[in-house]
Amino acid sequence: MSDARRTHRWRGILVLTLGAAGVGLLAKRPLLLLLSTLGVVYAVYPRLSSVSEPRLDVERRVSEENPQAGTAVDVTTTVRNVGDRPIFDLRVVDGVPPALAVTEGTPRFGTALRPGERASFSYTMEAKRGRHRFEAATAIARDPSGGHEVEVEVETETEVDCTTDVGEAPLRSQTLDVTGQNPADSGGSGTEFHQTRSYRRGDPVGRVDWNRYARTGELTTIEFREEQTASVVVVVDATPGAYRGREGEPHAVVAAVGAAQQLAETVLDGQNHLGLSVFGRDDLWLPPSSGRRHRLRVQELLATHSAFEARPPASETTVDVEAQVETLLARLSDNTQLLVVSPLLGDDVVEAVQRLEAERHRVTVISPDVTVSDTDAGGRALATIERDSRLRRLRQSDVTAVDWETSEPLSATLRRRTGVVHG
Amino acid sequence: MNATHSNPRPAPVSSVLAVTAAVAVLLALAGEGTGVGTWLAVELAGLGAVTLGAVAYRTGYRIVGLPVALVGGVVCAVAIGGFGSQSGPLSELLRLLPGFLGLAVLAAALVPVRGDGSRSLVKLGTGGLFACVVLAGLFRTADVTLLLGTAVGTIVAWDAGEHAIGVGEQLGRRATTWRLEATHAVGTALVGVASVAVVHFARGFANDGLSLASFAMVFVAVVLLTVALRW
């Protein structure tokens, strides 16, 4: 909570009326002296009225919770005074998701509310690809005189989910052409016949080849092909350098998190294990796993974890990607694949990917393109060239790198790339 | 709180209220004759044209908006000049001229002619009005009720203007804010009315023949009281 702060807005009145009274004194006009009474009264006024922290209940209604990208979404926010004192002067600014733009109306509203009373306001915003969470609404209450004000934040969970299935994650073919089932050369339990071998103590009774025993009296054990589920870790690049974007579009981290959400769904749909990590200001490690609860956990982390926050970090924030890669390597088990989503706006991520690949983890990079290829844009054009060279370097070190033009759905890009990935 | 938004200009309801209060103060102080009403009407017409022009200019009709606003400005200047140069008792002109200027400044601050509304201009404009009130007291052209009433009107004008800018900064012109603005203005006006009533009530007890020395003592007491209040 924040304490009431004083605005001192009535100070001038007192000075002015006292000045008038002084003039009255000099000019022997008793009437003018009376003006100072007004000054005193208005100086006392903010003292007598006070403001306590408003107790508010904010409710949001969204016209469409799963909109198509580019469609208009109407938001109606209702504010209710759940305290037992009237709020004479209430200003509310709704916490519109940072990546979304308000196209009609305004997410700001001012009113006065009696206890229990409610008031609502609406505005329209344009949906963009990704999962967008509303931030806390900011409310400022003032006393009737405006002499004190209190600011509070009111949190209400609201989400706009504008993600579509990507269809197929661009996983490296060696492991994942057959989604989720990686036929291994070692025998074990499974469904596909692999070989028979002589019985060893401790083999399950169910796997003993009884037919053969009846025929030959020899105890043998049937082995099936063991099926391994691929383990994939999605790593999002949320380093400070990635918080850049084209004019009027969300920055690359928003795009990357949106892509990660879609990729995670797809990987999990394919019966694979999925983990989550990040290069960014906060550490995040979710070990690969599967299941419904794990799926929810992944989406929740992507939507709420501080490392993915849409608000750019403070300018002095630095992230030691190299150290984060070493930490990640220590956590990864062998054969874990990596899906790195990065706009490739810095060399550190390229080096990180090369390091991971060198440690025999198969890495696929999906790179949302936020650079401007417009030739007369000078500096930005340079960023495009640098990014192209990074993509080339990655491909030279045998990393699959998918260049994703963010204006097009990720699924379309991947479908087009599939031939390359699996071919 | 995030203060950057698209339209941080003074809120319309309070702005209109501020200008209305200022006009009412001027009319109340003018009393009989000297064509104050006429020149005031001309000035208001000019201010209206400036407002229309500024709004048109900002909504994209630059070619129409600019000349309309300029014509409005000229009309205002003519009104102020016309009032100042007419024949009549000099004291009458002198004591209302700051109000005429103040009204124009106040309106210019709230339209706003430039930027996002200026608190200093609101102070300057209502300061001109207050000068009128003080001059009315000096020239003994107003009785207690009128003097206190116009002073309260001036305070209401300033308060509404300042509030309009504050609401504009935080919420912008497009937000629905009339209820908050009305509540605030009613509060300020009620306090003013109450204080005028208290002064009247107190004067009913006091005798009129109070010496200046005792008034000086009262003044010192008032100053001490306010010092005590502030700290």
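Numbering starts at 1 and runs along the chain as displayed.
Here the Cβ of each residue, glycine as well, is placed from N, Cα and C on the backbone.
According to TrEMBL, the feature transmembrane segment maps to B:12-30 (among others). Residues of the same chain lying 6 or more positions beyond the ends of the transmembrane segment (B:12-30) and with a Cβ under 8 Å from any Cβ of it are 36-37, 40, 44, 47, 95-96, 99-100, 102-103, 106-107, 110-111, 122, 125-126, 129, 132-133, 136, 141-142, 146, 149-150, 153-154, 156-158, 160-161, 163-164, 167, 173, 177-178, 181-182, 184-185.
Only residues 6 or more beyond the boundaries of the transmembrane segment (B:36-57), in the same chain, are considered here, and those with a CB under 8 A from a CB of the stretch are 19, 23, 26-27, 30, 64-80, 82-83, 86, 96, 100, 103-104, 107-108, 111-113. Sequence annotations record features per position, and here TrEMBL assigns transmembrane segment to B:36-57 (among others).
Feature annotation from TrEMBL assigns transmembrane segment to B:64-84 (among others). Remote same-chain residues near the transmembrane segment (B:64-84) are listed as 35-36, 39-40, 42-43, 45-58, 93, 96-97, 100-101, 104, 113 (criterion: CB distance under 8 Å, separation of at least six residues from the stretch ends).
What TrEMBL records for B:96-113 (among others) is transmembrane segment.
According to TrEMBL, the transmembrane segment annotation covers B:120-138 (among others). Outside the transmembrane segment (B:120-138) by six or more residues, the chain places 18, 22, 25-26, 29, 94-96, 98-99, 101-110, 146-147, 150-151, 153-154, 157-158, 161-162, 165 with a CB less than 8 A from a CB of the stretch.
Sequence-remote contacts of a segment are chain residues at least 6 beyond its ends whose Cβ falls under 8 Å from one of its Cβ atoms, and for the transmembrane segment (B:144-161) they are 10, 14-15, 17-19, 21-22, 24-25, 28-29, 106, 109-110, 122-123, 125-126, 129-130, 132-133, 136-137, 181, 184-185, 188-189, 192-193, 195-196, 199-200, 203. The transmembrane segment annotation in TrEMBL covers B:144-161 (among others).
Positions annotated as transmembrane segment by TrEMBL: B:182-203 (among others). The list of residues near the transmembrane segment (B:182-203) in space but at least 6 beyond its ends in sequence, with Cβ under 8 angstroms from a Cβ of it, reads 13-14, 17, 144-145, 148-149, 152-153, 155-156, 159-160, 163.
Annotation source TrEMBL lists transmembrane segment at B:209-229 (among others).
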